[in-house]
Amino acid sequence: MRRTGLCVHPLDQFHIWFTWAHNAGLAEPNAMVLATVEADAGVRARTVLLKGYDRFGLRFFTNYGSRKGRALDADPAASAVLPWHPIRRQVIIGGSVERLSAEESDAYFRTRPRGSQIGAWASEHQSSVVADRAALDEGYARAERRWAGVEEVPRPPYWGGYRLRPTEVEFWQGRRDRMHDRFRYVLESGSPADGTWRIDRLEP
Ligand SMILES: Cc1cc2nc3c(=O)[nH]c(=O)nc-3n(C[C@H](O)[C@H](O)[C@H](O)COP(=O)(O)O)c2cc1C
Ligand SMILES: Cc1ncc(COP(=O)(O)O)c(CN)c1O
């Protein structure tokens, strides 16, 4: 990797890499490990699916009442890792999240298969303890009956998206002898979409 070959904006560079990862046939190139801060439990990470991105940030969807949802609403700081092992690449994004608008969340929810839409209603309290599989299946059947005959299952009020607004983005390309290429974009001034980004090469 060469400094001169990098895009001025990290999300433009991300687009090139994401397209490459997609075309390389990786199983789930949009799977990203999202770390959040919890008031009493430190840091916690889990995988979510990246469902869209632009210069404003990266969008993912979840249950706002889940463990991650509550963590993010109390402290919006977050970091996401896209681990593209087969192509020896990694992207790390740091920043803070904001909720998407109801319209943006509605628009995405409408694209989900009906079964997943029902599932969101059945998993109202995502991340809380459930007695057993039977209780889950009953909940799914109840939600199915509730929306039977309704052509478009509405988005549950507790379900929607977040945008991770980047302030730092690192691109990592594995190379021989552990002498990897690493370039980090840091937002120096302005907003993520149209601010000024500094680019530094890092030691591997
Ligand atoms: C590949 C993969 C993708 C996932 N994508 C999502 C997602 O987009 N949204 C989501 O809420 N959970 C997703 N999950 C489940 C989460 O990892 C997690 O178990 C769940 O959201 C509860 O997390 P929490 O208790 O930290 O809130 C995914 C899991 C895997 C393995
Ligand atoms: C619970 C949950 N919610 C949301 C998603 C996001 O993906 P999709 O909208 O494609 O279901 C996933 C993907 N694994 C998931 O497991």
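Cβ coordinates are placed from backbone N, Cα and C, and glycine is handled just like the others.
Copied from TrEMBL, the annotated features are:
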DOMAIN    21-136  domain 'Pyridoxamine 5'-phosphate oxidase N-terminal'
BINDING   46-51, 61-62, 67-68, Gln90, 126-127, Trp172, Arg182  FMN binding site
BINDING   Lys51, Tyr108, Arg112, Ser116, Arg178, Met179, His180  substrate binding site
DOMAIN    159-204  domain 'Pyridoxine 5'-phosphate oxidase dimerisation C-terminal'
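The structure, with features from TrEMBL marked on it.
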residue : record                 : CB count, 10 Å
Arg46   : FMN binding site       : 13
Phe61   : FMN binding site       : 22
Arg67   : FMN binding site       : 17
Gln90   : FMN binding site       : 18
Tyr108  : substrate binding site : 18
Arg112  : substrate binding site : 16
Ser116  : substrate binding site : 11
Ser127  : FMN binding site       : 14
Met179  : substrate binding site : 9
His180  : substrate binding site : 17
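Only Arg112, Ser116, in sequence order, out of the binding-site residues Arg67, Tyr108, Arg112, Ser116 have a CB under 6 Å from ligand 2. Least packed by the Cβ count within 10 Å, out of the binding-site residues Val48, Leu50, is Val48. Within 10 Å of the C-beta of Lys51 (substrate binding site) there are 15 other C-beta atoms, taking all protein chains into account. Listed binding-site residues: Val48, Leu50, Arg67, Gln90, Arg112, His180. Those with a CB atom under 6 Å from ligand 1: Val48, Arg67.
Only Lys51, Tyr108, from the binding-site residues Lys51, Tyr108, Met179, His180, place their Cα within 10 Å of the Cα belonging to Phe61 (FMN binding site). The shortest Cα-Cα distance from Ser127 (FMN binding site) to any of the binding-site residues (Tyr108, Arg178, His180) is found for Tyr108. Highest Cβ count within 10 Å among the binding-site residues Arg178, Arg182: Arg182. DSSP assigns Ser116 (substrate binding site) to a helix.
In the predicted model, residues of the domain 'Pyridoxamine 5'-phosphate oxidase N-terminal' (21-136) average a pLDDT of 97. Taking CA atoms as the reference points, Tyr108 (substrate binding site) and Arg182 (FMN binding site) are 34 Å apart. Here the C-alpha separation of Arg67 (FMN binding site) and Met179 (substrate binding site) works out to 38 Å. Helix, strand and coil residue tallies for the domain 'Pyridoxine 5'-phosphate oxidase dimerisation C-terminal' (159-204), in that order: 3 helix, 30 strand, 13 coil [DSSP].
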